[in-house]
Amino acid sequence: MTIRGFRQPPVASAPGGADPVVELDPSQRAVVELPVGASAAVLGAPGSGRTTTLRELVADRILVHGLDPSEVLVLAPSRAAATRLRDELALRVGVPTLGPLARTATSVAFEVLARRAAETATAPPRLLTGAEQDQIIADLLAGHEELGTGPAWPDPLGVEVRRLRAFRTELRELLMRATEERVRPDALADLGRAHGVPEWIAAADFAREYEDVVDSFRGDHLDSAELLAEAVLLVARGEALTGIRLVVADDLHEATAATLSLLQALAARGADVVAFGDPDVAAATFRGAEAAALGRLSTVLGLPELVTLVLDRVHRQPPALRALTSAVTARIGAAGAGRQRQAGSAPGLVDDADPIQVIEAPTRAIELARLARRLREEHLLGGVPWARMVVLVRSGSLVPQVARSLATAEVPTRTAVAGRALRDDLAALALIRAVDVVLGRVPLTPDIAAELATGPLGGLDGVALRRLRLAMRQEELAGEGRRSSDELLVEALAAPGRLETLDLAPARRLARLARTLQGARELAAADGTIEELLWHLWEGSRLAGPWFEQALQTGIVADQANRDLDGVVALFTAARRFVERNPGRPASDFVEELLGAEVPEDTLSPQPLADTVLVATPSAVVGAGYEVVAVAAMQEGVWPNLRLRGSLLHPQRLSAVARGLDRVDVDERAEVLSDELRMLALAVSRASRVVVLSATANDEEAPSPFLRLVPPAPGLAEAEAGAESGRVAKDAPAALRIRPDHPLSLRGLVGALRRELAVVHRDAVLLEDGRVVSGDRTARRLADATRERGRAAAAALARLAAEGVTGADPAEWYGLREPSTTEPVVDLADPEARVPVSPSRLEAFERSPLNWFIDQASGGSTSTAMGIGTIVHAVMEEASLDPDADLHPAALEVRLDERWGELPFESPWVGERERRQAGELIAGVSGYLRDFAGAGGRMLAAEGSFELEVGVARLRGMIDRIELTPEGRVVIVDLKTGRHFPTRAEIPAHAQLGSYQLAFVEGALEQVPADAASGGAKLLYVSGGARGLPYRELPQEPLTREELDGFRARIADAAAGMAGATFEGTPDLGERDPGSARRYRIHLVRAVSA
């Protein structure tokens, strides 16, 4: 059979390039040859050419039978599928159309209602997005909780449950199912009473209030189900889509009841309906898709004459892959269909040498590393473009982790932007935080100022920010000011001219951010829209160029740049949509809605088309095909996930009950298992050449039982064993004809070559040292081979360096660069120079000068324990300075709780644990203060500062407490909240206490009477008691003259070392402090790694 656009010989295009030519198999031709006026259900296994047949059917009806394109409506299940099909149809048909031939049902419904609004001179409808619905529901539930009102939810649905996003999602699904089934709130309550579902009764009350809220909005706000319901009424009355003669539906197994209602209404008005699909790959059943509808389409549409056709050849998958897909689909409930499962691979399709590969690894990291290598093998050895590969996971929460791991292994990845809320995107959030400050919604606090400075807009790292803080503080002190660096940082961003006097790169970058923020404030004062504010901040950041350049590269930085740019584009798209829909609303409303939204918004922003591997869930690849499909993280309990869907509010049951089909006797767990198998079938059926399945197997994690469906690959285990030993058969798969340790990435290759050079250098040194007999012929051959290896590695590195590959140029190698400076930290040749020495850091310098310097230069690191210690110190200080203070633990804990909110915790339970431990510290403080007061002691000073010059050292510190005993002796107390105590033998030489005693003897403590006698110093630990007390004291006796001289010498020696240009570390592993791993790593990371 040859018609216009068809020829039996497989040719790429018709003469002149007008019409694409496709060769159809007999079962596909049978669909195209359906008589005009006939309706049909077309069942086709994955890869059987359903969409191709659909495209040729539409071309036949328009080009051969003369239907006008406006008389043909093609429905696709999603916007992405509709876009793809729209483009294919436009190329295939090649005639002008008034609009796209392929649409989603929601798009059609929106156009119907918009046209109706234009005809009646009313406001057009506005689509209520899922994120907006979720926000409305969340606000209503929060209001009910706050006021103690709202529906009488059953006891299992308590306040804690109703706060969950999962509850709101089910509630939204229930409301949409009710709309699709035309179940009003009163009817929903009646169904709840009739079928013993109290959740529906409460949901009915909620639905009434929800509808009242939505009705109060300006204009007609409808969700997708309501849009379709309204459109179906107009179509059924003959008031819309009256010219449609043919409706073609692709992937009908993804259609909801609302979409089926639209098809039914069009069929009732005389339109032919041809629906394509396969219930075995339905991915949206949990969202209301009716996979079984295709098998009973005649009943659903009310068309008794509707015929069912089956595509009997699979054109995508060769026999081995087809067998894998069939092994999965054979275990799925038939859903009213099943004949499509008998389809076999089309003649001429030949299996790849290794079509099905299984990876089992002891850890997730190793699993993903092996998977990344497999993908790189396919790309480098098999010539498969990155864009022709996909990695699929069961849960969307796994997508970021898998994408990051693959990117780390230099597999370029991309993910769907709509897979996360914009508030969870780092780049988008940075812009929104800036807008938040500009609009005055949040004050510019020190924490927010630091966040802006170190975020994408400010671009400073921790070291640069520390340098800037120190410079501002020094300038402040020089001007006899007393403001802290926090206050100065806030002022720097609030007043653009504040940093003009500082000639530092960090100051210039922050000054630019300050000017940008000021310009945005002026724009906001002039009623600028949120889109204008975001554009102003984005252009002022100057990030577009650097991020674009990074995105063109490969690796982790490139992937992050791509994600950042995607997030920014999605943010601007959302802002533009907000302005278009709400021209009068302020920018603050957009910020509030975005920060409150947990549900990702569907986005119309452009998607990246770069050659990258998509990482997604199976539902993202409906209708798509790839050469290589990897299904990762196939774990027991994850895939299949047999948790019952809709267990809170039962939205699926409502659809059945509304049609008179109660599901009480249905095995819901079997249905869930079928859904899980459908997703797996959808995943593996996307592959045309290779399927890779990966899982982690260890004592705690087991692979998915679905892996048992994979037939063993003959000879693969032997081939892999041969590859490990270096003995590989010539006919082994290409991926196994190379050594497993051979790097397949640029970074790995650079590391391997540099390692080779290091080994060559070591061997050459051994030879030159005469450890091999010089006259030995074997030794000479070894030396020649060593030199040749070195030349080959050096030549390869030179080639890579010439191409700009990072790490190949010796100028970039760690340890080969010249020091940035050899000048000392303090020039002691200057008689006025002084070296600042902190008593609390003196012993740190003595232990490791290198670690001390790293902390001084980088600012060290903070921890929750340090934050708690700061607050406990403040509580003790406040209680000590208040003569009327209640010193009992409960009273001091009130002071603790007043500041507890300043501490961030990873989760609530961590905060509760730390709060209990902090209570123990407060008990120690309380016990000490009460015992001190009871003994008649008197406090002379709390947090008293001192400064003392010892040679070139300027000893400066802060003393927690200076006490006067009843005997008239002065005791210096240093409060400790840690849990590691020095031994009593170490106390006499304790540097911090010795420094305090030296300051006392030298008269540097202004709060101490001149004639007071020394009572020594002591460490006060409140984290662990001793001798029945809730605290522990470790005293240092008053120092003798000789001991004081010894401390002076220690301080002088330390100052000389601190002022130097070099700082020694601790080479002996056994002597290193385990708590200093971060500092050691800076200098002990391997010079060559791959």
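These residue numbers are counts, starting from 1, taken along the chain as shown.
In case you wondered, yes, glycine gets a Cβ from its N, Cα and C as well.
All annotation found in TrEMBL is predicted automatically rather than curated by experts.
Residues or ranges marked as ATP binding site in TrEMBL: Gly44, Ala45, Pro46, Gly47, Ser48, Gly49, Arg50, Thr51. A C-beta separation below 8 Å, combined with a sequence spacing of at least six in one chain, links Ala45 (ATP binding site) to Asp278, Asp280, Leu311, Val314, Thr325, Thr329, Gln340, Arg341, Ala343, Ser685.
Sequence annotations record features per position, and here TrEMBL assigns domain 'UvrD-like helicase ATP-binding' to 23-318.
Summarising the annotation, TrEMBL assigns domain 'UvrD-like helicase C-terminal' to 325-623.
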If you count, for each of the binding-site residues Ser48, Thr51, the other Cβ atoms lying within 10 Å of its Cβ, which residue has the minimum?
Thr51
According to DSSP, does Gly44 (ATP binding site) fall in a helix, a strand, or coil?
strand
Other residues near the ATP site, CB within 8 A of the CB centroid of Gly44, Ala45, Pro46, Gly47, Ser48, Gly49, Arg50, Thr51?
Asp278, Leu311, Val314, His315, Arg316
Roughly where does the domain 'UvrD-like helicase ATP-binding' (23-318) sit in mean pLDDT, to the nearest integer?
88
Around the Cβ of Arg50 (ATP binding site), other Cβ atoms within 10 Å, all chains included, total 24
